[in-house]
Amino acid sequence: MNYFVLIAVACLLTAGTESKKDGYPLEYDNCAYDCLGYDNKKCDKLCKDKKADSGYCYWAHILCYCYGLPDNEPIKTSGRCRPGKK
C-alpha cells in the first residue's frame, strides 16, 4: 500500500512538467531555417520566438539550431524538405 501512495505522489509531481529538446526547428514545409552568413543573432531570436532557451547558426549545415525547444515544436528528424508546399 505504501508503494502505491509513493508512486501516486511521484506521478502527481511529474504531471504537467514540460520537457525540452534540442534540434533544428522546422518551417511549414519540413525545411529547417537557414542562416546564410552565419547569423547567430537571427537564429537566437528565431529560437527564442519559438520559446527555446537559445539558438545559434550551425556552420556545417548553415541551419539554425535551438536549445531547449518545447516538446510541441517540430524539429528536423527525417523526411525531405518540400519548399513551397503548405
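Here the Cβ of each residue, glycine as well, is placed from N, Cα and C on the backbone.
Residues or ranges marked as disulfide bond in Swiss-Prot: CYS31-CYS81 (among others). Taken residue by residue with DSSP, CYS31 (disulfide bond) is part of neither helix nor strand, so it is coil. Less than 8 angstroms from the CB of CYS31 (disulfide bond) sit CYS81, ARG82, PRO83, each of them six or more residues away in the same chain.
The Cβ of CYS57 (disulfide bond) lies under 8 Å from the Cβ of CYS35, TYR38, ASP39, ASN40, LYS42, CYS43, LEU63, CYS64, TYR65, each of which sits 6+ residues away along the same chain. DSSP assigns CYS57 (disulfide bond) to a strand segment in the three-state reduction. Positions annotated as disulfide bond by Swiss-Prot, on the basis of sequence analysis: CYS35-CYS57 (among others).
What Swiss-Prot lists as disulfide bond is CYS43-CYS64 (among others).
The annotation disulfide bond is assigned in Swiss-Prot to CYS47-CYS66 (among others). Less than 8 angstroms from the CB of CYS66 (disulfide bond) sit ASP22, GLY23, TYR24, PRO25, CYS43, LEU46, CYS47, LYS50, ALA52, ASP53, SER54, GLY55, ILE75, each of them six or more residues away in the same chain.
For 21-82, the entry in Swiss-Prot reads domain 'LCN-type CS-alpha/beta'.
Summarising the annotation, Swiss-Prot assigns proline amide to PRO83. Mapped onto three states, the DSSP output places PRO83 (proline amide) in coil. The 10 Å shell around the Cβ of PRO83 (proline amide) contains 9 further Cβ atoms across the protein chains shown.
Look at Swiss-Prot and you will find 1-19 tagged as signal peptide, backed by sequence analysis.
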Query = What average pLDDT is reported by the model for the domain 'LCN-type CS-alpha/beta' (21-82)?
reply = 93
CB contacts for CYS64 (disulfide bond) [other CB atoms within 10 A, all chains] = 25
Remark   = CYS47 (disulfide bond), Cβ-centred 10 Å count of other Cβ atoms over all protein chains shown, is 24
